[in-house]
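Below you'll find the structure I mean.
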Amino acid sequence: MAQPTTDTILPIPQVDQPTGHSKDHKPKVYILDYGAGNVRSLANSIKKLGYEFEWINDESDFDKAEKLLFPGVGSFSQAMTSLQNSGRYEQLIKYIKSGKPYFGICIGMQVLFSESEESLESKTKGLGVIPFPIRKFSTEENQDGQGGEKKTVPHMGWNNAWKSFKSEGEEEEKKLMLDEEDYYFVHSYAALLKNGKEEYEKEKENVKDFSYTLSRYGSEIFISSVKKDNVFATQFHPEKSGPAGLDLLRRWLEASPESLSAKSVPNTEKQWQLTNPNPLRNKGDGLTKRIVACLDVRSNDQGDLVVTKGDQYDVREKSSQGGEVRNLGKPVELAQRYYLDGADEIAFLNITSFRSSALLDQPMLNVISKSAETVFVPLTIGGGIKDTIDPDGTKRSALEVAGTYFRSGADKVSIGSEAVLAVEELINNNYQKTGKTAIETISAGYGNQAVVVSIDPKRVYVDDKNNLPEKHLDCLIYGDKAISQTNLNGEEKGKIWWYQCTISGGRDVRDIDVVQLSKGVEYLGAGEILLNSVDRDGSKKGFDLDLIDLVKKSVSIPVVSSSGAGSSKDFIEVFTQTRTEAALAAGIFHRKEVAIEDVKLDLEKNNLPVRRSNLHII
């Protein structure tokens with residue numbers, strides 16, 4: 001794909017058409033790509049639906065386009081600066097004013113607005129199509145004027161969307177979004193509808209003609225999609241929203257340019273519908289409980305990439321002579337199976353990534369790109385996300401490595417050992433950021449929602465109650481007050497422990513505890529924590545609830561809880577006993593000991609919201 005010759009903020013790897021694209025066919029659907037995030041998934045979605053497209057390469061393509069899609073992630077100011085530096089700003093404004101259909105996704109929606117709190121320092125303005133500001137979600141909950149528990153930011157996961165106004169409904173042929181479906185969101189800023197002040201009421205009048213659907217995160221209501229005349233845009237990612245998202249894309253692609261560009265009829269009498277008409281979705285924070293399938297990928301002794309699973313991180317079969325690597329299936333096939341089974345996200349952890357250069361690990365890059373062709377939920381990749389040097393001496397930054405994975409189809413990258421070392425350095429430097437760590441550079445370029453930190457802690461028991469580790473007092477757990485299932489069995493009665501962090505796949509320990517590390521990575525810019533447990537890995541004893549509760553109380557970013565699941569009961573327990581946003585499992589899914597569908601059914605029986613779709617999975 002040709003790129004603008006002027007400077008852009010991010011290094012932009014090439015993205016080809018998906019497999020099977022006819023090179024001599026010139027479609028009228030175009031995608032505007034400014035370099036941030038995973039555009040391959042959108043390309044794959046369009047191809048999956050039987051359509052073709054072209055990339056915007058130069059100004060003449062705006063004239064050729066009958067429909068334009070503008071996807072993106074990252075920061076508001078970065079997106080606007082990239083548009084301006086690449087010469088696309090004026091071209092995009094001209095296209096929108098021409099009246100031809102425009103579909104913005106995530107940042108592609110936010111840039112339509114006048115300004116964003118995300119760019120207060122740079123004072124970067126948006127396109128100004130919608131006279132309304134973008135604001136940051138609050139971590140302080142406020143229900144009926146009363147303070148409450150904190151909520152995590154970014155708003156990450158599956159949420160519902162409902163029509164903005166009370167009405168008799170849309171004509172079916174004009175409808176783009178279906179009711180009662182969940183979509184995948186990942187953002188820290190939104191078009192929040194605020195109440196109380198006169199200025200807020202004026203703002204709501206300004207945006208009334210554009211607002212199409214609303215969503216709720218905690219006590220805050222925000223505009224989740226806009227639709228007026230030729231302009232349509234969503235805050236969520238349809239290309240990552242499973243069958244519901246594909247259905248939305250299909251409806252927009254199928255519709256004629258004339259119908260998508262038809263002038264909207266003003267209605268001054270319409271009334272805001274600020275409450276979800278589905279009463280079942282008015283409880284909690286609005287998000288469903290995410291079920292994540294994890295695939296540990298490594299080369300076996302024959303050199304083939306396989307999905308494996310460890311027992312306290314040991315992936316070899318038990319044998320006096322050294323067993324072979326456990327082979328639980330092929331990565332791409334398993335990923336597709338989990339998508340069809342209803343997994344809300346899929347994580348690939350490359351536990352034998354190229355230590356010299358992740359960019360030379362072509363088999364793993366191929367796993368991601370092939371999976372992205374058939375899996376339309378978020379994909380995370382971990383392993384080797386760091387600054388490296390190729391065998392020929394070429395230096396590769398962590399930002400470049402992450403960018404290549406994003407362009408291959410990943411939505412998030414997971415950083416492990418490098419994060420521990422970065423926080424150790426941060427603490428030693430009295431919490432002065434360098435701006436050079438992998439967490440900082442990737443989150444600055446692609447947004448903190450794109451950076452996951454995978455933490456591997458293990459318990460350290462304190463033998464002498466009169467000699468507690470002073471550095472780690474905030475991390476101490478007293479067994480008599482522990483909430484984990486093993487405490488109920490009496491295994492932990494009278495014990496005291498703290499959680500020490502490890503690197504190199506749990507093989508090496510560091511003098512830093514899980515609270516210090518969690519707070520440190522959040523401070524550096526991580527948007528999510530994948531919380532493992534060396535002690536519980538492969539044990540089927542249930543999640544370490546004390547560990548999860550400790551971390552959740554220490555940070556304001558989402559936590560994915562991992563290690564120890566052995567039954568649906570364990571998922572119910574982790575979601576009811578802690579405030580974790582997601583729960584992950586591997587071995588029990590690989591071996592079909594527990595089905596994802598059964599987990600979701602049991603969660604529903606316990607009044608916990610899960611993602612469902614009434615649509616056929618393509």
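We count from 1, first residue shown onward.
Placement of Cβ uses the backbone N, Cα and C atoms for every residue, glycine included.
Please treat TrEMBL annotations as automatic predictions, because they have not gone through curation.
Reproduced below are the annotations present in TrEMBL:
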REGION    1-24  region 'Disordered'
DOMAIN    31-251  domain 'Glutamine amidotransferase'
BINDING   C106  L-glutamine binding site
ACT_SITE  C106  active site, for GATase activity
ACT_SITE  H237  active site, for GATase activity
ACT_SITE  E239  active site, for GATase activity
ACT_SITE  D296  active site
BINDING   G384, N532  substrate binding site
ACT_SITE  D456  active site
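Distances, neighbours, how buried they are, the whole picture for these features please.
Around the Cβ of C106 (L-glutamine binding site), a 10 Å sphere holds 27 further Cβ atoms from the protein chains shown.
Within its own chain, H237 (active site, for GATase activity) has S41, P71, I105, C106, Y183, Y184, F185, V186, G245 as residues 6 or more apart in sequence whose C-beta sits under 8 angstroms from its own.
Counted within 10 Å of its Cβ, the other Cβ atoms near E239 (active site, for GATase activity) come to 28, all protein chains included.
When other Cβ atoms within 10 Å of the Cβ of D296 (active site) are tallied across all protein chains shown, the result is 26.
Every protein chain considered, the tally of other Cβ atoms within 10 Å of the Cβ of N532 (substrate binding site) stands at 27.
Of all the Cβ atoms in the protein chains shown, 27 others lie within 10 Å of the Cβ of D456 (active site).
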Taking Cα-Cα distance, which of the active-site residues E239, D296, D456 are within 10 Å of N532 (substrate binding site)?
D456
The domain 'Glutamine amidotransferase' (31-251): mean pLDDT?
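Averaged over the domain 'Glutamine amidotransferase' (31-251), the predicted model reaches a pLDDT of 90.
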Inside 10 Å of the Cβ of G384 (substrate binding site), count up the other Cβ atoms and send me the figure.
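G384 (substrate binding site) is surrounded by 26 other Cβ atoms within 10 Å.
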